[in-house]
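Some features that Swiss-Prot has for this protein:
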BINDING   His19, Leu21, Gly46, Glu67, Asp92, Asn107  S-adenosyl-L-methionine binding site
Amino acid sequence: MVRKILQKYGIRGGCHDQHFLIDERSLDSIVDQAELSEKDVVLEIGGGIGNLTERLLEKAGKVYVIELDPALVHVLKDRFSDNEKLEIIPGDVLKLDLPKFNKVVANLPYSISSPITFKLFKHEFELGILMYQYEFAQRMVAKANTENYSRLSVNTHYFADADIIMKIPPSAFSPPPEVWSAVVKVVPRPSSFHTEDPQFFLDLVTAVFLQRRKKLRNAIVKGNHLLNVPNIKQIVAELPEEFMSKRAENLEPHELAEIANFIFKMRSTS
């Protein structure tokens, strides 16, 4: 059926991250993981030709679909013109104000996975079932002292619990991408540790992972253009050596928060 739709509208995909999921079992599993009911308002980002949209509409009470490509917007409108539960929002998800939703289910455009994810974390929702490039998903769920531990890992841990629940081969898509994909279950929650200023903490995480091979002492000083702390060298000198002699990849999220809190307090009192 999916291949017939592609042929009908003359859509080949392959550009602008257009790799359409055509494996019926994978599509069904993604929707099952969302545990949808008529009470749910679902956001789908990148509706494509509507193969996931169709399944969401069968179970959810309301579905918002954001789609950038005008040709695909036309397909969605044509396929679901009689379905009152669907609202199609044409445009760039990074530039749009998101509607209110409680669940997000999407095959995200891989080239902008990071900014989309961080934008979602700024909104309240109960559950996300999100498909990413497999390597990106690995970095999302990575722990400290592992190869994939990164800014993305820390920020994800700050906002939510995240687990890889499915791994999907290239053959499940048309056209097949060059990489494997993964579905990540994201459950937002309050942070498990305190931050004096959340944005300052996120900026510090960015700063130290930009210099991830440097010891933290040097990484913070080098990344101070993101922190704008006038007396940064003096403050860093007062931080515990057990932290400063390590690299960012060796510190747990709560330890990075302790460092951010100390610097923020010292900056505020100087």
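Numbers here mean position along the shown chain, with the first residue as 1.
Note: Cβ is positioned from N, Cα and C throughout, glycine not excepted.
Annotated features taken from Swiss-Prot, shown on the structure.
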| residue | record | Cβ contacts under 8 Å, 6 or more apart |
| --- | --- | --- |
| Leu21 | S-adenosyl-L-methionine binding site | Leu27, Gly48, Asn51, Leu52, Asn107, Met131, Ile168, Ala172, Phe173 |
| Glu67 | S-adenosyl-L-methionine binding site | Gly46, Gly47, Gly48, Val73, Leu76, Ile88, Ile89, Pro90 |
| Asp92 | S-adenosyl-L-methionine binding site | Leu68 |
Other CB atoms within 10 A, centred on His19 (S-adenosyl-L-methionine binding site): 23
